[in-house]
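Novice: Marked as transmembrane segment by TrEMBL: 6-21, 26-45, 57-78, 99-128, 140-165, 177-203, 235-252, 257-275, 290-306, 327-352, 372-395, 407-429.
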Amino acid sequence: MELWSGLGILLGFLVLMISVWKKISLLLATLAASAIIAGFGGLNIADIWTGPYMEGFAGFAGDYLLLFCIGAMFGKILEDSGASWRLATTIVDKAGEKWSLVAFCGLIMLLLYGGVSIFVIIFIILPIGKNLFERLQIPWSYFPAIALIGTIPPVGMLPGSLQILNIIPTQYFGTNLMAGAWVGIIASIVYLVLAAVFVRFLLKNSEQKFDIKEFQNIKASSSTQKDYANTAPNVWISILPIMVALASVNIFNIEIIIGLLVASVLAVLLFWKSLQDIISSLSKGAENGFVPLIYVSVVVGVARVVEQVPFFEVAQELLFELPVNELLIVMAVTSVIAAMTGSSSGSLTMIVDLFGETFVSWGYDPELVHRLMSTTAIGLDAVPWNSVIVVMFTLTGVAFAKGYKYVFVTAVILPLVGALSILMVSPVFY
């Protein structure tokens, strides 16, 4: 039965991976995957669906509902008021042509670090990126790879970030958002330096030629640029709620949900004149948190099912016996499941739920495990079926065949190099 249940886990994850690739509903995909895992494990499928699967779903959704919804609401206020647009245009314009790409990526990092959803940011940066790349005559097919450089450090590497990937480990390991600060900063520096070298090489040895026709394929509207120019708050007012959110959580140790709520209330008060329909912004913002919450919760449901089959205990024992550095095992498990699910947050939740206690029992500092896992999870999750990648290529109009190979470098290879740098320097700090 152990062998069959192990085969069931492999087939279940294969079905999950193919379903995500084919854009099948994640709810249906996880139900099918959990049924396969349960069936091969000799368990009653109906009992599994109504028991462990729903317990995992409800447990995560209950714990993170307010965080997802308030975080999405905060991002929506920044978007609808034009505050995020004001930050974007000001930073890029002030940087000058020489440093404009650096400023562009820095802006993305700032917004993400402050807790703004990456999906909101994509819509903000597209019209700015379009103007910037046209002005610098950079091939548009490079845009996804260059824009994603700004997303990697704040999502999983940088300590103090308000992104969900930095929050999830705190619930399991008892750490805080500043966990693994030094190794996270070092990983970020390693990543950014290598990314800068890659972009410089790419622009100097460009195999793509600048083609103005590429910009006609952009799907996102840039009409908001004219709308915001006259209504958006000034840059200092725009950045204030983000700074309040970061200070509340990281300096004053206020609960994350309360910190984001305080920042949201402040944003409404400051941006009152810039928000055309405050109630609509708050309502749509809160609703925007539901879909990603459901996506992650159903994946957690599958993790609960995996725990029930006989092979799970065997797998745990095998992990203990592998003759390699245990931190490499942490990286390997995180990378494989991230690639299968195409979701860094979903995979990280599943991994800490299934193996978190095992990883910590190896004697490593929970802060190190926290930072290593959150950094590793942003590597192989950037597969073509990842929702962020799909949205990025859809809205930019860049063909996968032309742009994904560059994304593979900046969003897959280099983040994993950053994770390896954590392994290398960890003995110095832990």
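Cβ atoms here come from the backbone N, Cα and C positions, even for glycine.
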Novice: With the transmembrane segment (26-45) as the reference, find which of 57-78, 99-128, 177-203, 235-252, 290-306 contributes the most Cβ pairs under 8 Å.
Specialist: 290-306
Novice: Would you kindly list the residues that approach the transmembrane segment (407-429) from elsewhere in its chain, counting only those six or more residues past its ends and only Cβ-Cβ distances under 8 Å?
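Specialist: Hits for the transmembrane segment (407-429): 144-146, 148-149, 151-152, 156-157, 180, 182-184, 186-188, 190-191, 194-195, 198-199, 325, 327-328, 331, 335, 368, 371-372, 375-376, 378-380, 382-383, 389.
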Novice: By a Cβ-Cβ criterion of under 8 Å, what residues six or more beyond either terminus of the transmembrane segment (372-395) are in contact with it?
Specialist: 17, 20-21, 23, 118-119, 122-123, 126, 144, 147-148, 151-152, 155-157, 165-166, 168-169, 180, 183-184, 187, 218-220, 295, 327, 330-331, 334-336, 338-339, 341-345, 347-348, 351-352, 359, 403-404, 407-408, 411-413, 415-416, 418-419, 422-423, 426
Novice: Test of understanding: applying the rule of at least three C-beta pairs under 8 Å (pairs 6 or more apart in sequence), is the transmembrane segment (290-306) touching the transmembrane segment (57-78)?
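Specialist: These two segments touch.
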Novice: Let me spell it out: take the transmembrane segment (177-203), skip the flanking residues so only those 6+ beyond its ends count, and list any with a Cβ under 8 Å from a Cβ in it.
Specialist: 101-102, 138, 142, 145-146, 149, 152-153, 157-162, 166-167, 169-170, 249-250, 256, 366-368, 370-372, 375, 406, 409-410, 414-415, 417-419, 421-422, 425-426, 429
Novice: Looking only at the recorded stretches 6-21, 235-252, 257-275, which one has the largest tally of CB-CB distances under 8 Å to the transmembrane segment (140-165)?
Specialist: 235-252
Novice: Between the stretches 6-21, 99-128, 235-252, 327-352, which one has more Cβ pairs under 8 Å with the transmembrane segment (290-306) than any other?
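Specialist: The stretch with the most close Cβ contacts to the transmembrane segment (290-306) is 327-352.
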